[in-house]
Amino acid sequence: MRVDIVTIFPTFFDVLDISLIGKARGSGLLDIRAHDLRDWTHDRHRTVDDTPYGGGAGMVMKPEPWGEALDALLTPEAVLIVPSPAGEVFTQPTARELSAEAHLVFACGRYEGIDQRVIDHYAQSHRVRLISLGDYVLNGGEVAAMAMVEAVSRLIPGVVGNPASLVEESHEDGLLEYPSYTKPAQWRGEDVPPVLLSGNHGAIAQWRRDRSLERTERVRPDLLPEAPGA
Ligand SMILES: Nc1cc(-c2ccc3ccn(Cc4ccc(CN5CCCCC5)cc4)c3c2)n[nH]1
């Protein structure tokens with residue numbers, strides 16, 4: 001998968017050079033590149049923003065640099081992802097969908113956002129998705145893009161060592177994951193649930209399912225299968 005990220009803070013994504021994502025990049029599984037939007041400006045101050053038409057607080061990102069950057073980076077099959085508080089909320093199903101794509105281009109806005117004509121222009125020729133990380137306002141799209149890149153990349157075969165670990169985790173089966181334990185068997189007076197030491201795999205699987213349902217009912221009843229809209 002190729003991932004291009006356009007931002008005025010490209011060094012923000014240097015962290016992708018380490019850990020699993022870093023290894024996957026090295027192995028050719030992932031081709032992730034961050035680009036400085038200002039490389040597509042032509043004035044002495046490398047201007048990317050201006051005052052909003054209609055007035056209002058803050059600044060809006062100018063369309064011209066975005067047009068030149070996206071013309072340079074988009075391929076016909078690319079999905080253009082624009083992090084935005086006004087977007088669809090990012091979920092594990094969204095991550096899974098995007099992990100099947102060959103090319104993702106993230107347009108990370110700052111200030112009060114990007115001139116709407118950029119989104120409208122590329123929607124005529126590409127799949128464009130405005131995606132929100134959740135119902136809170138960040139200062140720009142970079143944190144959202146980083147979260148999406150990590151959630152999507154780890155679903156690509158070969159990026160995460162043990163594929164089985166991708167199945168038994170929160171939200172993969174639509175429920176929250178069961179609690180996990182490791183050695184020692186006793187810690188500060190607390191024992192590991194005995195069933196986990198029993199070697200009875202059927203009983204262990206059932207215990208885990210029960211804990212997963214119990215936790216989901218308590219913390220996220222909206223995720224339960226019978227919940228409306230689940
Ligand atoms: N899940 C999530 C994603 C983001 C996100 C993503 C991308 C950008 C780019 C800039 N910001 C900051 C921002 C955006 C919107 C406002 C509201 N403002 C009201 C008046 C009209 C203009 C817009 C304020 C500041 C971003 C924020 N936040 N949260």
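Yeah, the Cβs are placed from backbone N, Cα and C, and that goes for glycine too.
Residues or ranges marked as domain 'tRNA methyltransferase TRMD/TRM10-type' by TrEMBL: 1-225.
The S-adenosyl-L-methionine binding site annotation in TrEMBL covers Gly109, Leu133, Gly134, Asp135, Tyr136, Val137, Leu138. Look at Leu138 (S-adenosyl-L-methionine binding site): DSSP puts it in coil.
For the region 'Disordered' (211-230), the residues of the chain that approach it from at least six positions outside its boundaries are 171, 173-179, judged by C-beta separation under 8 angstroms. Annotated region 'Disordered' per TrEMBL: 211-230, in sequence order.
According to TrEMBL, the feature compositional bias 'Basic and acidic residues' maps to 211-223.
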Contacting binding-site residues for ligand 1, chosen from Asp135, Val137, Leu138 when the Cβ sits under 6 angstroms of any of its atoms: Val137, Leu138
Site diameter for S-adenosyl-L-methionine, Å, by largest Cα distance between Gly109, Leu133, Gly134, Asp135, Tyr136, Val137, Leu138: 17
Helix, strand or coil at Leu133 (S-adenosyl-L-methionine binding site) [DSSP, three-state]: coil
Residues of the compositional bias 'Basic and acidic residues' (211-223) by DSSP state, where helix covers H, G and I: 12 helix, 0 strand, 1 coil
